[in-house]
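Asks: Have a look at this one before I ask anything.
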Amino acid sequence: MKILVIGGPTAIGKSDLACCVAQKLNGEIISADSMAVYKFMDIGTAKPLECMKKVPHHLIDVVEPGGYFDAKIFEEMAKEKIEEIKRKGKVPIVVGGTYLYIQALLYGIDETPKPDWNLRNKLYEIARKKGNDYLYEKLKAIDPKYAKKIHKNDLRRIVRALEVFINTGKPFSSFHSWNKPKMDFVGIYLKRSPESLYKRIENRVYDMVKDGLLEEVKKLLEMGYENFLTSGQAIDYKEFVPCAKGEKSLEECIKEAIKNTKKQAKRQIRWFRKQGWHEIDLDKLSIEEACEEVVRIYKDANKTK
């Protein structure tokens, strides 16, 4: 049985479609979202809370905010879940926009060195004194391939890549096998026109604020998670920290969140477009029609294995 992978940019409609597909295929969903792994962060990560009542979901609420979780850990945990789901006679459906996680699962990551906390803390201290850009430029010089794949403010990933290079002399990208897939899978890429997607992103940010995102950010700050919330990774959270602290207006924070989410979507689109997966245009099909099409593609692929 092949696994089904449904990917695409943020706010495209992955969760709604995956929920429909999972019910029709008797599947279970494995989330490939680098923010959904964190507990207490429901609104800003758009966790599919309604669908979670109907379909079993995995790799959501795994660690506390700021807890260590990377693509290698995701690969190992996702593989375990895939085997567990298959043993039940159900279809494993991987859903998300974090392409580094999807890439790790499908193509594998060689064993990377264990964390060196002393070195890591020194690198964080350098970033505190000299800024994220300073470390990002260092990473670009030693590992341009990996630097291209991550955001210049994603300090956690920058520090990890530098840490590995300093300890091994090898670029972090050399631990990734990006040639032949190690898993038998059917890939579905969801797309929309830029105008349509950007409108959905704008609406989603406003909806999240309406649903209580600012209150969620305030609660997380009270719990002591400010360092994580202001990291480059925490899109739709970091933008609202100044607002929660009374340093910016709500409208300013909303505009910043929309701008950063659109940038993230562009990076995701660039990666998914290159994969050669089956493309589903959600501007032309309703969720129900797209669901039927994905089910057909998946069943046909399993007939010809």
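Heads up, the Cβ atoms here are built off N, Cα and C, so glycines get one too.
According to Swiss-Prot:
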- Gly8, Pro9, Thr10, Ala11, Ile12, Gly13, Lys14, Ser15: ATP binding site (BINDING)
- Thr10, Ala11, Ile12, Gly13, Lys14, Ser15: substrate binding site (BINDING)
- 33-36: region 'Interaction with substrate tRNA' (REGION)
- Thr98: site 'Interaction with substrate tRNA' (SITE)
- Arg120: site 'Interaction with substrate tRNA' (SITE)
Asks: For the C-alpha pair, I'd like the distance in angstrom between Ile12 (ATP binding site) and Thr98 (site 'Interaction with substrate tRNA'), rounded off.
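Replies: That separation, Cα to Cα, works out to 13 Å.
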Asks: Taking the centroid of the Cβ atoms of Thr10, Ala11, Ile12, Gly13, Lys14, Ser15 (substrate site), which other same-chain residues have Cβ within 8 Å of it?
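Replies: Everything else in range on the chain: Gly8, Pro9, Asp16, Ala46, Gly97, Leu190, Arg200.
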Asks: Cα distance, Thr98 (site 'Interaction with substrate tRNA') to Lys14 (ATP binding site), nearest Å?
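Replies: Spelling it out, the Cα of Lys14 (ATP binding site) and the Cα of Thr98 (site 'Interaction with substrate tRNA') are 12 Å apart.
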Asks: Taking the Cβ of Arg120 (site 'Interaction with substrate tRNA') as the centre, how many other Cβ atoms fall within a 10 Å radius?
Replies: 16
Asks: Inside 8 A of the center formed by the CB atoms of Gly8, Pro9, Thr10, Ala11, Ile12, Gly13, Lys14, Ser15, which other residues of the chain have their CB, for the recorded ATP site?
Replies: Gly97, Leu190, Arg200
Asks: Using Cα coordinates, what distance in whole Å links Thr98 (site 'Interaction with substrate tRNA') and Pro9 (ATP binding site)?
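Replies: Counting only the Cα atoms, the answer is 9 Å.
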Asks: Rounded to a whole angstrom, what is the C-alpha distance between Gly8 (ATP binding site) and Arg120 (site 'Interaction with substrate tRNA')?
Replies: 32
Asks: Looking at the binding-site residues Ala11, Ile12, which sits with the largest number of other Cβ atoms within 10 Å of its Cβ?
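Replies: Selected residue: Ile12.
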Asks: Per DSSP, Thr98 (site 'Interaction with substrate tRNA') is which: helix, strand or coil?
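Replies: Note: Thr98 (site 'Interaction with substrate tRNA') is coil by DSSP, not helix or strand.
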Asks: Can you tell me the three-state DSSP label for Lys14 (ATP binding site)?
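Replies: SS state of Lys14 (ATP binding site) = helix.
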Asks: As a quick check of your reading of DSSP, tell me how many residues in the region 'Interaction with substrate tRNA' (33-36) are helical, how many are strand and how many are coil.
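Replies: Looking at the region 'Interaction with substrate tRNA' (33-36) with DSSP, the answer is 0 helix, 0 strand, 4 coil.
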Asks: Are there any residues in the same chain, six or more apart in sequence, whose C-beta is under 8 angstroms from the C-beta of Thr10 (ATP binding site), and if so which?
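Replies: Residues satisfying the criterion: Gly97, Ile201, Thr261, Gln264, Ala265, Gln268.
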Asks: Select the most exposed residue of Gly8, Pro9, Gly13, Ser15, where exposure means the fewest other Cβ atoms within 10 Å, treating these as the binding-site residues.
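Replies: Output over binding-site residues Gly8, Pro9, Gly13, Ser15: least Cβ neighbours within 10 Å is Gly13.
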Asks: Based on Cα distances to Arg120 (site 'Interaction with substrate tRNA'), point out the closest of the binding-site residues Pro9, Gly13, Ser15.
Replies: Pro9
Asks: I need the least crowded one of these recorded positions (Lys14, Thr98), counting other C-beta atoms within 10 angstroms of each C-beta.
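Replies: Looking at the recorded positions Lys14, Thr98, the Cβ with the fewest others within 10 Å is that of Thr98.
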